[in-house]
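Lifted from TrEMBL, the feature list:
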{"type": "ACT_SITE", "residues": "His108", "note": "active site, proton donor"}
{"type": "BINDING", "residues": "Gly14, Ser15, Asn16", "note": "N(1)-(5-phospho-beta-D-ribosyl)glycinamide binding site"}
{"type": "BINDING", "residues": "Lys64, Met89, Arg90, Leu91, Ile92, Asn106", "note": "(6R)-10-formyltetrahydrofolate binding site"}
{"type": "DOMAIN", "residues": "5-181", "note": "domain 'Formyl transferase N-terminal'"}
{"type": "SITE", "residues": "Asp144", "note": "site 'Raises pKa of active site His'"}
Amino acid sequence: MGNVKAAVFASGTGSNFQALLESESLAADIVLLVCDRPGAMVIEKAKAYGIPVFVADRKMFADKAAFELDILRQLQLHKVEWIFLAGYMRLIGNTLLNAFPSRIVNIHPSLLPAFPGKDAIAQALQAGVKVTGVTVHYIDAGMDTGPIIAQEAVSVETGDSLSELTERIHQVEHRLYPKTINHLLVQH
Ligand code: GRF
């Protein structure tokens, strides 16, 4: 049996997307990048790796359902079975949630439920916590609220800058995301 086919949704620099692509034994084939931000760096990364890119511009659609239906068509075209979010900055709506029940996974740079939403690493620094980390979780209709699959702690060192802490969190993300995806996929 071949690997499951997966799409990555990302809107940013794409370091997690790249980590998944470079992971030696990922139990999924990444067959599509979905990006909602024309011009995002992750698009160039996908092209460099020969991964098809679908750029979905929310402004072109009257509502979220129409926007997601357009994405869904592409996912079906590529026979996508799982969706991995990696820096996709938009809530997933019912159209995609219903089409992929318990098959949409996200990575978030904090120990949820602490610091959901944007700028989670800056929020942790601001709060003065000594430990933050990384969470991999299923997506539901809320903001970073779905069932938690895996977490790993990262210490905040005295005097850490945002970029230093971000770098250490990214290192954990790049290891934890492929490992967690592989664990999940053997269970299915
Ligand atoms: C990561 O920190 C991820 O946890 C969050 O968005 C960031 C994406 O970074 N959801 P990158 O584009 O993968 O470098």
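Start at 1 and count along the chain as shown; that gives each residue its number.
Placement of Cβ uses the backbone N, Cα and C atoms for every residue, glycine included.
Bear in mind that TrEMBL entries carry predicted annotations, made automatically and left uncurated.
Remember, predicted model here, so these are calculated numbers, not experimental data.
Distribution of TrEMBL features across the structure.
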residue	record	Cβ neighbours (10 Å)
Gly14	N(1)-(5-phospho-beta-D-ribosyl)glycinamide binding site	24
Ser15	N(1)-(5-phospho-beta-D-ribosyl)glycinamide binding site	17
Asn16	N(1)-(5-phospho-beta-D-ribosyl)glycinamide binding site	24
Lys64	(6R)-10-formyltetrahydrofolate binding site	16
Met89	(6R)-10-formyltetrahydrofolate binding site	14
Leu91	(6R)-10-formyltetrahydrofolate binding site	13
Ile92	(6R)-10-formyltetrahydrofolate binding site	21
Asn106	(6R)-10-formyltetrahydrofolate binding site	23
His108	active site, proton donor	23
Asp144	site 'Raises pKa of active site His'	18
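His108 are the recorded positions among Ile92, His108, Asp144 whose C-beta comes within less than 6 Å of an atom of ligand 1, given in sequence order. Taking the domain 'Formyl transferase N-terminal' (5-181) as a whole, pLDDT averages 97 in the prediction. In the three-state DSSP assignment, the secondary structure recorded for Leu91 ((6R)-10-formyltetrahydrofolate binding site) is coil. A simple way to gauge crowding: the CB of Arg90 ((6R)-10-formyltetrahydrofolate binding site) has 15 other CB atoms within 10 angstroms, across all the protein chains here.
Binding residues for (6R)-10-formyltetrahydrofolate (Lys64, Met89, Arg90, Leu91, Ile92, Asn106) extend across at most 19 Å, taking the greatest CA-CA distance. Taking the C-alpha positions, the distance from Asn16 (N(1)-(5-phospho-beta-D-ribosyl)glycinamide binding site) to Ile92 ((6R)-10-formyltetrahydrofolate binding site) comes to 19 Å. The separation of the residue listed as 'active site, proton donor' from Ile92 ((6R)-10-formyltetrahydrofolate binding site), Cα to Cα, is 15 Å. Secondary structure at His108 (active site, proton donor), as computed by DSSP, is strand.
Per Cα geometry, Asp144 is the residue among the recorded positions Ser15, His108, Asp144 nearest to Arg90 ((6R)-10-formyltetrahydrofolate binding site).
Of all the recorded positions in the record (Gly14, Ser15, His108, Asp144), the one with the smallest CA separation from Lys64 ((6R)-10-formyltetrahydrofolate binding site) is Asp144. Within 10 Å of His108 (active site, proton donor), judged by CA to CA distance, lies none of the binding-site residues Gly14, Ser15, Met89, Leu91.
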